[in-house]
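Since the structure comes first, as structure tokens, the remarks are kept for the end.
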Amino acid sequence: MSGYSHNVFAGDPRPGAPGIAAPGGSASGLSARPLVFACEGGFGLASAPAPGCTMQPQWSQQQQQQQQQQQQQQQQQAPTVTRVHSAGPLGSHQVHPDLPASMPQLLGCMPGQPHKLQPQQLVQLQQAPPHGMLGPVPGPGVPLPTPRPAAGGFPGAYPGSAAGMPHAAAMPPRPSGLQPAAGMPGYAGQRLVEQFETLVLSAGPGAPEADGRAFPRPAGKERAGARAPQPPFDRANCSADNMRPTVMGVPNSTALRLRWALPLGVIVRPMADEALGRAVPVIPLGSQGIVRCRRCRTYMNPFCTWVDGGRRFKCNVCAMLNEVPVEYFSTLDAAGLRRDVAERPELSCGTVEWVAPQEYMVRPPMPPVYFFAIDVSAAAHACGMVSVVADTIRACLDQLPGDERTQVGFLTYDSSLHFYNLKASLAAPQMLVVGELEEPFLPLPDELLVNLRDSRPVVEALLDALPSTYSNSSSSSNDSAMGPALQAAFLVMGHVGGKLLLFQAALPTLGVGRLKPSRDNTNLYNTEREPSMRNPEDPFFKRYAGEASSRQITLDVFLAAHGFADLASLASIPRYTCGQVYHYPGFHGARDGRKLSAELTRNLTRPTAWEAVMRIRCSRGLKIGSFHGHFFNRSTDLLALPTCDPDKSFAVQIGHEETMVNGPVAYVQCALLHTNSSGERRIRVHTMVLPVLSELSELYRASDGAATACLLAKLGVEKSLMARLEDTRQALTLKLSAALREYRLLHGAAVRNPGALVYPSSLRYLPAYVLGLVKSAPLRGSGHELAADERAAAAHMLMAAPVEEALAIAYPDVYDLADGGSWGSEEQGKVVLPPTVPASLSYLSSSGAYLLDNGQLLVLWLGRDAEPGWLVQVLGPEAAAPGVDPCTLPLEPPRNNSPLSQRVCRVLCALRSGHTCSFAPAFVVRQGTPLEAHVVPLFVEDRSQGQLGFADFLQHLHNKVLMNK
């Protein structure tokens, strides 16, 4: 079983749906039909037309006056709840006759009691928050889940919340019943009537072109909102940083799911709290053990309910009644709540960590183990890699997690293998050379992996001597026995597991796993054999990955080769062992050493979960359809993760196991069983509740465009391993156009203009993200535009990237560094960032300076007419010297104590701190120079090498929507 699950890009899920062509190609074939934007819920592009555009209101003046009168009447009424269905033409909304209220505190309902709704209680909503949506509410006779009280009754309270919501020390007391957050289903949060605004981009031949500034893009003032998640449905939900659904809800039937053209799933980042500096409440091991459902094994969480005076609890996932252990028993108050709820974080927090008892261990908890396999061939020394690696490891020895339990070992290799005896009693390390490559063996089995604290002086002596030991090697070749080195490392670590860090500087040429330079064949692009270039040819790599995963070994690859090194083959081992790939093309120590050192430091010192397995459960009627990320499938629903860290994310797709999903809400729970660096076996549990939605329009309103883009990115990378890049780009466009087509069918009578591109406000930025994905390094162009190793490294990173990192890759931020405003200063402990502009060269001034950030690079783009004084302040007096190219000057550290240079450097540091997965080097590019060609593809809104620009792409989507009505 692989870390990449089955392909879901099978096209439109509905039978007989026609295919859709890719966005690539010239725009000359596009229809001249006028393109119009429309957006639901008052989220139109602009209240006033941009230059060259005309507004076409869909409402008559009489209808608008009627709406204003209705709103005035609603403001005089009490805010109670009703449900509205949009059916047919605009204004033909109807009230569901049997719908109960979803805010039981208004109706006086107690937990476990049926809800009785009087006809007079069905009144209209008062006012809608910006991202409100309609959602399911409990029907008659359906009890609500038991509420949770304040989360501040215990130390280190962890109130689950979505990203961007404050983590308060305590939550307000909850009324009886499930209380949705603002803007969620059942809250006073949806406009009764959906307004549409249309923006005509082209009125025909000779008409002025539309202003592209009106396009929906995640830039400028809209940037923050574009990346924010939907508000949580319930306050006890885990944070969206841990589990972020693509839709804040699930379809209530398979029929409705088939109409939802976009992937339905969750982005899971189980260790996000460490990256954000949040403490997770720890539940100590008590005599009652871990409380969980006997049938489905769901862990105790805030959404379980209590019956029989607290002697039994009802599982929120499978509805089974379970006996409460005597040691865990607590009486209930008048509202049906446990009296000790404030003392137990698992009853009020969406994220907790249980201390696991002995039965959750198959062996004693392993210590943190770091084994370093370092290429010391002539190529490795010539580029300076060995020196940077040795110096960085030595500097990190005090920061390695595990304290006195940490173990380390070293192996170097070129045309032979070099082991090192690091026994504490030795005055200096002892090197042992093995020339047998076909069947490597250990010359000294017991002293190659040592306790760092005991052998610290010997380890430091080895790292001090390592750069010079092989610098004068008599070997003049670049032979590299990487495969035998991996086999030898497996023999050293196999009994305990841990992290294996491989530093490679050349194409492996000796022993098992030797690779061929002929694999770098650009002639295979656009042929049936193209996907083979992105998969390992030698079965050794997948076989090794499976064996390493079973022994709890993770492989991280640091590739610093100057030529082709077949990273697609090497990356298959990290792919199945939850490892990471770092690529430094054309590595040079003086230029790239800082990046390698920073990323190696992060790898060694970040919080790590060891010997982990992860399982995700969901409510009855639903199932986890597929998993996507870097892991090994130990069984159908169990992911083997030899190590896991905050920089890793995974994706799951949710499907239907039954025709209908019963109940008003559904639950998803993620459990990560692992050993922490202190040697404790822990179970980290994230729990989330989602409303069950019965209308397609509700799914659109509840959708999360950012999470959807992240899931599409992972699916696109996965498909590229099995299909041509062109087919992958077509599949991404197909998903988006199918979703827009379905949405247009919902409002076809309301939007009579055939030139109107209709989209929901929740997905207004998804076209920009999809365009960026098809132009990203893993998917764009062909072999002539991007080296095979660079493409493989980018694909591996995107597959594991959290939502924020994936969005930065899809649509880079471009900051305007105009000398003005407060950017670069600190306010409330945070650096003020400059304003952003669209990712298009057409928005950059030839006299300006802009900073582009895609999470991997920080590029200072200078216009050809940039003011010389500005250059001197930022780059130093050398920038004004005759014949000096500003592109050769460093941005850091600040120059001559210049305030402007200090502001720029503070912005660079702030941007890097937001990207933990990699270190972004900063360099300068001047407009019109050859170096600019390397960054042009990052401006994703522009046409480039056969790829459409943003306006053409939107027109392309619209044409496909109309063609497949």
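Numbers run from 1 along the shown chain.
Placement of Cβ uses the backbone N, Cα and C atoms for every residue, glycine included.
Curation plays no part in TrEMBL annotations; they are all automatic predictions.
Among the features that TrEMBL reports, region 'Disordered' is placed at 1-26 (among others).
Annotated compositional bias 'Low complexity' per TrEMBL: 13-26 (among others), in sequence order.
As annotated by TrEMBL, region 'Disordered' applies to 52-103 (among others).
Marked as compositional bias 'Low complexity' by TrEMBL: 61-77 (among others).
In the region 'Disordered' (218-240), the DSSP tally of helix, strand and coil residues is 8 helix, 1 strand, 14 coil. Marked as region 'Disordered' by TrEMBL: 218-240 (among others).
For the domain 'Zinc finger Sec23/Sec24-type' (290-328), same-chain residues at least 6 beyond its ends with a Cβ under 8 Å from one of its own Cβ atoms are 111-112, 143, 145-146, 148, 234, 236, 336-338, 346-350, 354, 356-357, 360, 617-620, 667, 669, 671, 683, 685, 687, 689. Residues or ranges marked as domain 'Zinc finger Sec23/Sec24-type' in TrEMBL: 290-328.
Marked as domain 'Sec23/Sec24 trunk' by TrEMBL: 365-604.
Under the heading domain 'Sec23/Sec24 beta-sandwich', TrEMBL lists 609-692. For the domain 'Sec23/Sec24 beta-sandwich' (609-692), DSSP puts the residue distribution at 0 helix, 59 strand, 25 coil.
Among the features that TrEMBL reports, domain 'Sec23/Sec24 helical' is placed at 705-807. With DSSP states grouped into helix (H, G, I), strand (E, B) and coil, the domain 'Sec23/Sec24 helical' (705-807) comes out at 68 helix, 4 strand, 31 coil.
Residues annotated as domain 'Gelsolin-like' in TrEMBL: 831-881.
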Averaged pLDDT score, the domain 'Sec23/Sec24 helical' (705-807): 91
Best-packed against the domain 'Gelsolin-like' (831-881), counting Cβ pairs under 8 Å over 365-604, 609-692, 705-807, is stretch 705-807
Where DSSP helix means H, G or I and strand means E or B, what are the helix, strand and coil counts for the domain 'Zinc finger Sec23/Sec24-type' (290-328)? 6 helix, 11 strand, 22 coil
